[in-house]
């Protein structure tokens, strides 16, 4: 976080998040984010008041933590909180969403009646990939053994009225980002709003396109505490034929997208059939991204994000 940036934890009227204010006492352009706090602090470094909003998996939100228990009124209240802030321009507020946050960003801009100045969407779905339980957008719990995602709600994309930048990692292994970008572009074009859509597409980049120099994780665990079991005999662990995934210090067996995981807790040769294993009910998710092109995509997209914000928030 840059010198002078102020970090303020928000717990107000049920809203949970972190507000970052740039140095100084003047009014700020605002960019509420549905992504990590580090992204918000980076935006504040460039002069944007930034609100990183929690919506799932946080101890101060209604439980259980494996589903979205807040709906449209929660996101509308967060937007209103920024509009009411004395150092924020109320008519120059944008929204950025990463992954499932893309759906929430599009929903907020097309369903709720609020009018953001611009949207930035990074590798996420145009519709909800989790079954909704009510009209406000609350969801069922995320299934650990889910192999295929389908849209439960595709929103009203044709109702968007502000510029939208969609960033695509062409090696995204988590979301069908190219297809989602195509869907959004086609919908806006059919509504006579093609001028609102901007696409950035990066070959070799994965799902988690974040600010420059953020380390990329091509795959990660989705959960769980290991349960030690009696050692047994086992040979190699494969993800795909002739490809072994090294995740931390473990070899992981991966089966058709989502699976149970078996950890080996020894540094012995992977051909040692007598190693002890831990069996874990868990899933691995693949994010994608090759190191060099992903790093280049983060640098280039960050510059263009700032240019997009400059055009749509400052002018």
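Just so you know, glycine gets a Cβ as well, placed from its N, Cα and C.
TrEMBL does not curate its annotations; it predicts them automatically.
If you look up TrEMBL, you'll see 99, 172, 207 marked as active site, charge relay system. Summarising the annotation, TrEMBL assigns domain 'BAAT/Acyl-CoA thioester hydrolase C-terminal' to 74-146, 156-223, 275-313.
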Measuring Cα to Cα, how far is residue 99 (active site, charge relay system) from residue 172 (active site, charge relay system) in Å?
10
Does anything in the same chain, at least 6 positions from residue 207 (active site, charge relay system), have a Cβ under 8 Å from its Cβ, and if so what?
99, 123, 169, 172, 173, 174, 175, 177, 287, 288, 289
